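The transmembrane segment annotation in TrEMBL covers 6-33, 45-66, 86-104, 125-145, 165-190, 322-345, 357-380. Taken from TrEMBL, the feature domain 'G-protein coupled receptors family 1 profile' covers 25-377. Positions annotated as region 'Disordered' by TrEMBL: 204-238, 283-307. Residues or ranges marked as compositional bias 'Basic and acidic residues' in TrEMBL: 210-220, 228-238. Per TrEMBL, compositional bias 'Basic residues' is recorded for 283-292.
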């Protein structure tokens with residue numbers, strides 16, 4: 001292989017750690033979705049498809065890639081070499097296509113929320129996932145049926161990807177460039193839709209606040225009439241004189257007309273404030289004597305609106321976190337895979353132009369993407385984080 005023993009040992013340790021991270025991390029994702037009730041959603045089926053692809057990539061493909069890399073020759077026979085390469089392309093493509101499907105699901109959930117929510121059944125999700133794996137198979141199978149160049153003569157057995165220019169272009173665009181373009185375009189649309197929704201929500205909040213203030217003012221001013229009706233109301237001053245008032249009208253704007261038998265009228269707002277205080281005291285005293293009737297004033301409406309606003313706020317926060325997680329997953333995917341596929345495509349048109357060590361480094365960075373997705377979910381998704389804690393540390397630890 002050309003590697004010294006220290007390099008072989010160091011490389012084996014690092015890659016083994018990456019393999020364990022891929023296997024354990026994606027197994028936790030699959031287990032959590034299958035066994036945690038809060039994660040048993042239709043949209044998480046797409047994440048499980050991604051985790052399945054990454055899990056089997058770490059379990060079946062990467063250990064053989066590590067052995068081939070460290071030894072410098074293929075030890076496992078021609079038949080397994082052909083199957084190994086096809087499975088490698090299949091799982092890598094399925095992983096990338098699943099990411100593309102997750103981004104499309106997020107986009108439809110935001111732009112066509114009500115219509116898409118009715119259509120997003122488990123059956124439809126299963127059909128979409130099957131389509132992803134079918135396309136991945138279409139990309140990976142051609143070399144098995146002859147779309148490849150004859151193997152180069154070598155002293156040692158080799159097991160390299162097909163170098164046929166047609167297949168390199170076909171697989172590079174099918175596995176990466178087309179899905180990556182779709183993901184970037186869709187995420188840009190998601191960002192635009194999120195900004196537009198945020199702008200509309202600000203307008204709605206301002207309108208709601210204005211409406212709430214008007215309703216509170218209306219209910220406060222009209223409460224005097226609601227409690228008093230057309231009865232005479234008396235206001236007794238400290239000097240013993242008795243003043244008699246009567247509310248005769250409730251106008252559309254919520255203000256009341258107050259008449260007085262005394263010639264020296266008190267200003268209207270003073271009268272209303274005075275009567276309001278006495279009515280509130282009388283209401284409190286009456287509540288001590290008998291159960292209060294159901295409230296019909298604006299307080300109940302305000303409480304309901306407050307609860308609705310809180311519910312919408314939580315839903316928006318959850319949606320915002322999901323969009324952030326998708327953005328991080330997509331960024332990790334592009335950073336990990338773009339260099340490899342760029343070099344893979346360039347090497348088909350210019351054989352020998354890419355240093356072998358550079359190609360090898362970016363080849364392994366591409367595999368690292370399968371280890372990053374579970375980490376992103378753990379750090380930025382509370383539901384997955386809680387489920388992982390429950391699996392690893394038990395039920396009590398997970399509830400903290």
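Even glycines carry a Cβ here, placed using N, Cα and C.
Any TrEMBL annotation is an automated prediction that lacks curation.
Highlighted: of the candidate stretches 86-104, 125-145, 322-345, 86-104 has the greatest count of Cβ pairs under 8 Å to the transmembrane segment (45-66). With a threshold of 8 Å between CB atoms, the same-chain residues lying at least 6 positions outside the transmembrane segment (125-145) that come near it are 42-43, 45-46, 49, 82-83, 85-91, 93-94, 97-98, 100-101, 162, 167, 170-171, 174-175. Away from its own ends, the transmembrane segment (86-104) comes close to residues 43, 46-47, 49-50, 52-54, 56-57, 60-61, 65, 128-129, 132-133, 135-137, 139-141, 143-144, 161, 171, 174-176, 179-180, 182-183, 186-187, 190, 326, 329-330, 333, 337, 366, 369-370 of its chain (Cβ-Cβ under 8 Å, at least six residues beyond either end).
Sequence-distant contacts of the transmembrane segment (357-380) (same chain, at least 6 residues past either end, Cβ-Cβ under 8 Å): 15, 18, 21-22, 25-26, 28-29, 47, 50-51, 53-54, 57-58, 62, 65, 69, 92, 95, 321, 324-325, 328-329, 332-333, 336-337, 339-341, 343-344, 347, 388. If one looks beyond the transmembrane segment (322-345) by at least 6 residues along the same chain, the residues whose Cβ comes under 8 Å of a Cβ in the stretch are 96, 99, 102-103, 106, 110, 161, 168-169, 172, 175-177, 180, 183-184, 187, 190, 194, 354, 358-359, 362-363, 365-366, 368-369, 372-373, 376-377, 380-381. Confidence for the domain 'G-protein coupled receptors family 1 profile' (25-377), expressed as mean pLDDT, is 77.
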